[in-house]
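Report on the following structure.
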Amino acid sequence: MITVVKRNGRIEPLDITKIQKYTKDATDNLEGVSQSELEVDARLQFRDKITTEEIQQTLIKTAVDKIDIDTPNWSFVASRLFLYDLYHKVSGFTGYRHLKEYFENAEEKGRILKGFKEKFDLEFLNSQIKPERDFQFNYLGIKTLYDRYLLKDANNNPIELPQHMFMSIAMFLAQNEQEPNKIALEFYEVLSKFEAMCATPTLANARTTKHQLSSCYIGSTPDNIEGIFDSYKEMALLSKYGGGIGWDFSLVRSIGSYIDGHKNASAGTIPFLKIANDVAIAVDQLGTRKGAIAVYLEIWHIDVMEFIDLRKNSGDERRRAHDLFPALWVCDLFLKRVLEDAMWTLFDPYECKDLTELYGQDFEKRYLEYEKDPKIIKEYINAKDLWKKILMNYFEAGLPFLAFKDNANRCNPNAHAGIIRSSNLCTEIFQNTAPNHYYMQIEYTDGTIEFFEEKELVTTDSNITKCANKLTSTDILKGKPIYIATKVAKDGQTAVCNLASINLSKINTEEDIKRVVPIMVRLLDNVIDLNFYPNRKVKATNLQNRAIGLGVMGEAQMLAEHQIAWGSKEHLEKIDALMEQISYHAIDTSANLAKEKGVYKDFENSEWSKGIFPIDKANNEALKLTEKGLFNHACDWQGLREKVKANGMRNGYLMAIAPTSSISILVGTTQTIEPIYKKKWFEENLSGLIPVVVPNLNVETWNFYTSAYDIDAKDLIKAAAVRQKWIDQGQSLNVFLRIENASGKTLHDIYTLAWKLGLKSTYYLRSESPSIDEKSVLDRSVECFNCQ
């Protein structure tokens, strides 16, 4: 006889009827699974004095091991079994306690922020919770939710169930609304039905005492020691609270540059990048993983060759930074020179820093002037040779990322208020940034203070004229001896990404888009006001432009379920129509919110204020990819232009397509805008390898689920170009290539096509060998946790 050790330590005979109740519920109404098969295979592993916990884990593992291409529903069996166990751990029974009890318990344990639940009718909201929606999770989805998002106590025991999580997030984000119960319910409905999902930081931290809700930050380093080290401090603080970072180093003077009038005194950007690398390692993200920092450099910078080699395993280790993610800020002129097989001139930004402030024709004019200037430092390289080096590194290591400076800035709705200097870690965010500005603070012996620009000429009482940054305590100005001269900073701009994604596998009709997009735009706008900001500059920037990034996920599932082949004419037309609707309703909602809550501060003189939308600045070649003409749009764009001019816009930036790997796993759909990896693969988890089958795989969808490696990479680029027409920011776009199909010409054609079609960036180049192990494990180690 087999005996069982209960949770309370009591030993009693195994009661198979109790197990049968759970196995029956776990297999009910699921095709291709068998209650008896589950019980028989699990019982083979039972032993005397087995614990109830071990029985539960054995049942779950038995179901997980049965997940396969022809039996994908075992994933839902495993999920249900996991949920039954979770209910008992959290509630003490198979079900949900009252919402009020959940809040009181979580507050008592210090895991939920006190003070916002009082703004709501807890009886009403408790009555709206739908526990049955838990059964939407497949096994990997519920495991991901448990491991990354559900709240736990100090001993790592779960204290939260999925629907309570969704409701408390909804409440937190609706707390300042005029009708908080109504808006919270709208947020809950969309999130809990998996129609859309917030990015990882919002899901994990909304409702908690550490409500850092933003995914990524983008900043810029000035060319002085004070500014460089202030940047490290800022990166450290941002990383501490779990933010992914994109940082522009293009202003930092190159190797061989001048320092204090001495030529060849500068060691260039690389030593400073090594320190940034150490910041990423030292300031791990809440103790869970090392920081993630992408560093950007303009392609005309003299240090570009070393920058490309930043992560190489060979060479001088003092010039390597293996934990950074290098990205190149590529201008049109460089790629024109590549196509012309012409020479490319590299400059020192110390002598031509205005190039970082210019793009398009203004940049080209100034660049040509610098080329003709005999007085400044220059280096020359054949543009095609530099391009080959970039592409070779891209193929070998997937890096450096490529981002196209002119494409990004041409379509910047806030070009009147600054310039886009780089993207973020995942290359989908494009917003204005600016480095700190430094000036001289002169403190006199009488305690008074005066300020000067660094290079401002000042005449001392000794009749000596010098730059303000050369003043010392030996100088006297207007009869007042100087006590000390110090450099102080005026904050620049560090951009913020607040992200969420529409699930196209569920939301793909005009009616549903019209219903869901306004809810998610409002939710993201509320994130801005309720966010915890690591420093003042970040908050000021976010409140200045009120940037959000609404994206999409589940495109491959949506196409398969509509029996549309990837890269086909129908594919391009379908996503064109969907993205138009999403863009239209996102802009419309922001205009409505502007009337309700006020416009963003930089609205005046923006492209929005002139009625100029992303589609109005779309790339001409991209427009030719679908047959929709200029006057053949489904939406009333002219009416919306007039509305925006009258109302204003609540948000300076609206749309961006992020990677979504975690949240797409959570809701059981395909990742972001990408084709599938394989029909079946394995995800690595704390529990081991978990088999995963693409969603809703059946005879109707089988032929329409095509591996990314079996799709022409140019079709990925063309699909991205169609989406980009409607997006004011960018897309996190991976390119997939089989090794046997790779060549210099292939890579050249792919990435020049991306540039020509108006894309703003590409993310990783993922290559795969022709022989793939049957137990293919998807490598997510290189992915940004925060944009997921």
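Glycine too: its Cβ is placed from the backbone N, Cα and C atoms.
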Next item on the list: Determine which of THR27, THR52 appears in Swiss-Prot for the same ATP site as LYS6, GLU12, PRO13, LEU14, ASP15, ILE16, THR17, LYS18.
Entry: THR52
Check: With reference to Swiss-Prot, which of the candidate residues CYS216, CYS331, CYS784, CYS787 participates in the disulphide bond with CYS497?
Finding: CYS216
Next item on the list: With DSSP as the reference, give the number of residues of the domain 'ATP-cone' (2-92) in helix, strand and coil.
Entry: 53 helix, 10 strand, 28 coil
Notebook entry, point to check: For ILE225 (dTTP binding site), which of the recorded positions LYS6, ASP15, THR52, CYS497, TYR764 has the nearest Cα in space?
Noted result: CYS497
Notebook entry, point to check: C-alpha of THR52 (ATP binding site) to C-alpha of SER662 (GDP binding site): distance in Å?
Noted result: 30
Next item on the list: Would you please pick out, from the recorded positions ASP15, ASP223, GLU428, the one with the fewest other Cβ atoms within 10 Å of its Cβ?
Entry: ASP15
Check: So which one is it: of the binding-site residues LYS6, ARG253, which has the fewest other Cβ atoms within 10 Å?
Finding: LYS6
Notebook entry, point to check: Which has the fewest other Cβ atoms within 10 Å: THR52, THR200, the binding-site residues listed?
Noted result: THR52
Checklist line | Long-range Cβ environment of TYR763 (site 'Important for electron transfer'), under 8 Å and at least 6 residues apart | finding: PHE401, CYS426, THR427, PRO659, SER732, LEU733, ASN734, VAL735
Checklist line | THR200 (GDP binding site): secondary structure state under DSSP, collapsed to three categories | finding: helix
